[in-house]
Amino acid sequence: MLELKTNVIQDPELKDSLDLQENDRVEIIGDAVHYIVNDHLNRVFNYTVDQQKIHAALITTFASGKKAIVVILDDIGYVYYVGDNNNDSYIINVPFSTESAWSSPSGLYLQRHRSSDENLNTDLPHIFCLNDPLDELTLIKFDGKKILSLFDSIVYVVGEIVVTHNKKEKKLSFWRSRFIDPESDQSIKSSRNRRRESSFSREKNPDLTRSDSIHYTANTRLSEKFEEQGLAYSTIFSHIESFPITGSTSFDSILGNGVLVITTLVKELEKGYMMLFRLVRDRSPYFLDSLQLHAINLSAIKSKHLQKIVVLSSKGKVSLESPMSPSLPIEGTFRSFRVHGATLYLEDTDGVQRYISLDNRASNSLVKWCLSVIRYVLPLREYEIFYTGHLYALFAFKLSHDEAFISSILACFTFFSRDKVHVEPIEDCNEAYSLSSKFHFKKEILIASQLSSHLDYSTFKNYLMPLAITLHFISEELRLDSVVKPRKDQLVALLLQITTWLKWPRYCEYYNFDIAETFLSIPLSIQVDVEEPVGPTSILQWIIECLRSQSTVPFYGLESYGLPHSCSTMFPQTLSLMQLLDCLLNPNMTLQNLVEEMVRLGISRKRCERYPFGILCIIFTVLEIAAEEYSPNWESEELRLVNRLDVDSFLHPKTPKWVFNKQDQEVKEIKALTSTVTDSTLVDTQSFHPYKVVTDMIFREDRRLAEVNKLLNYSSQITIMTEHFDVDLSSVPMQQKVAQCICVRTLSVPIGAGMLTYGSKNPLPTEKVTPRLFNFTLHLHPGTLIIQPNKEFVTQELTEWPEFNVGVALGLSISKFSKEINTSWIMFNRPETLTAYHAGFLFGLGLNGHLKALATWHSFIYLTSKHDTTSIGLLLGLASSYLGSMDAKVTKLLSVHISALLPVGSNELNISPLTQTAGILGIGLLFHDSCHRRMSEVTMEEILASNESELKNEGYKLAAGFSLGLINLGRGSNLPGMSDLKLVSRLQVGISSQATFQSLEAGSPGAIMALTMIYMKTNDLEVAKKIDIPKSRYLLDFYRPDLILLRVAGKNLIMWDEVKADYEWVKYQIPDIMLSQFDLQEKKVLSSDDLLLYNVLAGICFSLGLRFAGTGNPKAKEILINFLDSFIRLCHLPAKTHDERVTAVTVIRCTQIVALSSSCVMAGYCDLDVLRRLRVLHGRMEPVNYGAQMATHMALGILSLGGGRYSLSRSNLAIAALLISFYPQFPRTTQDNRAHLQAARNLWALAVEERCIIPRNQDTKQPCIVPLNVVQKSGAVQKLEAPILLPPYDSISSVSTLGDKYWNLKIDLDNNSDYRELLRESQTLTLMPYDRTSSKEEPLNLFPKLKDTSSPLWNLVKTSRLFQSSNSPLNVASLQESNNKTSLGVKLLLSMDFDNLTRDRLLSLQILLQFFESCWTGVLLNKFHSRQYLFLSRDLVEDLSLRVWEYVYSHNHNEESV
């Protein structure tokens, strides 16, 4: 008798890891419950705090279908859902002590604990149901006369079967449970109408003890609870059968072939029982039979293929039993066993640990798949016999999984042989056939004959044909995967052996063509006559027929051979290919629909590469065409399938921003590093930033950015060429004068430097950022003289605000997309003593929104230090970070620094005027665009305040004006709830220069700015007239000249749409009385008579610069540069008299305004025309005040904003921010804040817009240079080369890439509203490299370039064995040039080698040829029109097809003659 052999566990530590229990379970360990999934601890639930005993823990599924863990304690229970994306938990009330809990099909059963003195005659229920954690407990209703008594306890539950044990009657009862909805069952309610006067009397017995009284009271309360609540019924129990059994200790069950087997063990009698129940869908289970076994231990072992009962007899023999399949004895004698998953662990009489697994854990997935398919084909009983033979082959004969499967298949056929195969001893058999060849099955047939002699395969008579056909379809499925060809060949050889025995000549011929090696068939005569079915079905031949007819022809599938339809799901590749071909040949389906179908079927690009090359050619042709004509509605899966990762990266970004890593930085050569040390003029102070690779690409044609770097460098030594000076620099006083001029110029640089380095850093969490310090050292060249300004000149007061600006530049250099900026990082970078550097740093972080991460209590620590610049930086930074949010905490912080917001009668604030100025400006930022009435009223009162004090100076009133404008920005007359404030009329009083109080004159700039910002872009002509300048000379004399500039700019910003970039518009803005003075080229001397003209022109240029900010408008640039040249010329005119000097000051101020306006228009473009003029302004050595130098460097910074990666927006907030930053009243000295708070000069950061489009190579992940075609809404077309700044997004219609190196990518912004926002957020175009060398353009030069081409068809053809002979047509064609495509086709045909051609290769080639033939006609012509590959001309395809068909015919004819 055959016995299964076990394996010895060599390492005891591995005994629990040999097999995973592929389910989840819970275990009670002390005061905790462990949830274990696949033998790995998943979660731990601890109940130490509850101080209650854990009575039960189980996994169940409630009526809602949700899976949950239920833990029952003394009086409460916990429910934890464990499904996908569901971590809900509930606490349930348990009004009794729980004896046991069991999982049910719709929740759980709870069995309460019964006390020993409980009245046994009561009908008080003791088993309850819980169907949902939010529901009440429900009761069980009984169908029939049989009911549960108080002595019945649930001992086992499996599916709908509930097993109860009655201790009193000593019997097992089997019940069928059915769930009913308690809410729908209105008639079924718990009725307890009888009074329980004898058992549950409401009167206490005075003779009861204390403990009796407590128990009595508890039961009374329980009874009352059930009676009062009227619990509903949710489950019906129907009695099936009862058996008198004594002392049952354990229960288990197995299910097979519709029969449920429940086992129980009576250890005292050493007996086990099997109760068999027939399960019928939608019907009540019924009892079949009961069996008795002699056993000292029983347990169920369940695998994917087999379910058995493990029986250990008193003699130590172990066997696997099942009423539905043969018994499987295990070799040896054993003391004990245990089951873990599908593995049986045994301990033999010598104490050796052994194991055996019923699951087929073969490394060969083909065997697993074949077993799964056969399981569908064979009935359960026959399959268990088949799998039993497989287990015998594995464990009795120690075969490999492949050999065991083949042996079990062959055993089904050898059972019916007339002449039994001679059986040799197993040991000799293993030796004799250990060197068996690849394609014969002597060893397997020998084993199969032994299996067929021990197992009863007689019922397989009707299943031999289905088995053979099933294996045939498995082999056809394998033909669609070129990777598994060796497995397919082995299966085909097996099929050839089987069909030889069955005498199926057509099938034998079909398989014989596939076997290149000599196959040794073992003769065997089968007694059963199995008629040869039609066929054989060939999936590849079917594809050829479909392509030839260009329609889907019938496919003889499994159903045609009488096999169950459910088997079809086991052949996914065949089904998928049939659906794809149907889609391809459907005239109503496009190639894009075919791609969508592939995604729906789960076909990936990697899976496509495993198809035979003929099918792969079709699919890749479709994918390549679809890649050029992708649908904008495609998801990531479709785009990845067609290899358009560029489009996928844009439409479905995995990260919101592509941030350069430190690994992306350029690696410098030693020579470049040493040159920066030996030659100070080559130092590039900004070259360290990670975006340098992009900026270098943007300005790759010259060194303009390097020049800006040098001009805005304030931390390196400055070299001065002495020959450029007309004065003698040999004297110390003159040297000091020059040094002091250069010192002031250096101090004015940081704001511009901050613009240049904006957003260039992404610091690490542990990285400490330090500001670059000022370097005032001068080197006079030629020579070696080094000079520095006197220490008395460089005071703390002199450098305080420049140091503040250095800190702001450092904070702004940190990208707003950095994720590592938090409270800890800010505190890590805080110096021990607060400095102006750190104050500016806080402001810079706030401008980029990073102060939202700063904890509130840290803000209080900063503010209580009473450090003025720190308070200013923090207040403005918080207001900027919380821009427009009206955050309550930040409002409180700002309010306590503004006297106007304190309650009446409050003490005077001990706060500097500059801090209060920052506070009032911060209110405007915090309440931006909110139309907040209270804040609007306060700021307006501050503008018009008449009291004179150091606080209420022009700078404070201007800040109040900006704040009022920000609160109501661009709202115009649409100010809800503020009509009674009469903003326009009251502000107009503040604007008037004829005011009674001189303090109102100080408030005029603030009033002008407030009115301008409130009515910005509204085109309100009435308000514009009120702010406009008068047209007569007499009235103009009443106005301050600098206010004229503000009025002109303000009026134009209100009349936004009227501003035009042409000279006619400029001329129209000038009053008639000044037209005669309009031509600045005629000015030869400086005269105060022209002050009004200069201010009017500067105001016009300022408004023009803001109107076209960031657009790069060439006409606006031309106008502004023209005026800039004129003003620069005026700056060089001599100013000797007082009148001339006064005029010169105005000319310099107007020059800076025009320069800033020019830079605004060309922001980020680093335009050379503007740069040349700014370089001249920077290089002036004559005494120029600090403000003029600051304006020049701000113009330089805005011109090269972010190294060319950023530009300016034209939103309302952006224009307002630029108006505040470039306010045309610049400080005279570094300490000057009287007219305008210097910190506010940094609000330009709120106007920054990232518009630099950065293409990057998908393969290398590096930026690359790509031509772009940008179509604007006006119809203008721009040819650009990215990386480059794009025009404003709202003016772009479409962006598309050009060139031959990458797939063309077109982004249509007009027809896809989401694309504009995607482009704004990503700024990156990921491009797929692609060789666009087209055979259509150069068909004659294609062959010499085959090694470089990326065409998938040629990649397949040139690697095919058909073309790898010594006279390969590709080699021949590459050596000759011809102007005739037909001659190339002849060369290809003449050099064809058809040796060793298998059926799959031939059919694959036929598919390829048939596909290209069909592409010229019918449905495929419409889909592939003008896109057929021209290197395979139609003549070539016809000739090659003829040769292939001739070869097929000759091959078949030769076989027939043989």
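Just so you know, glycine gets a Cβ as well, placed from its N, Cα and C.
Going by Swiss-Prot, these are the annotated features:
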type	residues	note
COMPBIAS	196-210	compositional bias 'Basic and acidic residues'
REGION	186-210	region 'Disordered'
REPEAT	873-895	repeat 'PC 1'
REPEAT	959-982	repeat 'PC 2'
REPEAT	1006-1024	repeat 'PC 3'
REPEAT	1099-1124	repeat 'PC 4'
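Counted with DSSP, the repeat 'PC 3' (1006-1024) comes out as 13 helix, 0 strand, 6 coil. Same-chain residues lying 6+ beyond the ends of the repeat 'PC 3' (1006-1024) with a Cβ under 8 Å from its Cβ atoms: 939-940, 943-944, 954, 957-962, 964-966, 968-973, 975, 983-984, 987-991, 1043, 1046-1047, 1049-1051, 1053-1058, 1212, 1215-1216, 1219, 1223. Here the repeat 'PC 1' (873-895) returns a mean pLDDT of 95 for the predicted model. Break the repeat 'PC 2' (959-982) down by DSSP state and the numbers are 12 helix, 0 strand, 12 coil. The DSSP breakdown of the repeat 'PC 4' (1099-1124), given as helix, strand and coil counts, is 20 helix, 0 strand, 6 coil.
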